[in-house]
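Heads up, the thing below is written out as structure tokens.
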């Protein structure tokens, strides 16, 4: 790998902060790091890494909904591996992807820190993305008075306050019937692309009465059959039910976190996978406990063997739902589940049950 040319702005994004980068293969993303988000990722992943896969009773640990955290990258420096043994094993498995990450191109004298995360879009051919921000309360105790007042107004005047969630943005394949439903202020057409970006103004303009129509719009893909669209909605309903159960067991507080919906809009990939979707994302890295029996396979890892990052184009999912954005999240032992998040998930469940 070269250095500068291997980092580019993340192409597909429905909302969020500017400055998110990806590597040349699109396997990883590099997201500007906030101290609280970094600590949350480390704490959750260290706690849950041994039970990342769904347990026998069907529950899923919180980390199974989150992008895999791989470490920290400083501008002008190589990846800084975690000292935690559980994470170190994952870091070592990714050596082929990270050993040559010499630096992120520096654009200012002040060095930045980046979270190194699994790219949730990796493996999708034509991803369609929906970002749903959870919660009625949109600020934490550290927010300034000005931000508190501003976020209160946003909550009070949008579905955040009434329903516990708000559509933050979408990036979907162009569809004439969708464009006919949208005012020009709500979307941008990308030049030389078959995508449109639906901005936050659209989400803020939705009401209790029409927000379900906005979610229907997300699934209104001109390249997929009605049967495939119906399958997607039912699969996301199952995910929401499972995620709801996860959050009832978690003692955390998450402000302005989002659910990221992704589905495949390329019918050829649907055919390649025989329309078979997976409820949960595959582990980013296979974690085989019998490593000692597979020492002879070490040389194959660099070529994408079963113990390296998977070829998700042929083995991955046709859709996924993930929890993202933890700059204002923390573990809160003894305080019970997060009602601020639970209320929004309950409303989403009601909507998807009616599809």
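The backbone N, Cα and C atoms fix where each Cβ goes, and this holds for glycine too.
325 is the residue from 277, 325, 338 that Swiss-Prot records in the ATP site together with 31, 118, 119, 120, 131.
Looking at 216-249, 284-317, the range tied to region 'Disordered' in Swiss-Prot is 284-317. Of the listed residues (97, 205), Swiss-Prot tags 97 with phosphoserine; the rest carry no such note in the record, though that does not show they lack it.
Each of the binding-site residues 127, 135, 334 was scored by the other Cβ atoms within 10 Å of its Cβ; the lowest score goes to 334. DSSP gives residue 271 (Ca(2+) binding site) a helix state.
Ranking the binding-site residues 118, 131, 271, 325 by other CB atoms within 10 A of the CB puts 271 at the bottom.
Per Cα geometry, 127 is the residue among the binding-site residues 31, 118, 120, 127, 135 nearest to residue 271 (Ca(2+) binding site). Put plainly, the binding-site residues 119, 274 were compared by Cβ crowding within 10 Å, and the winner is 119.
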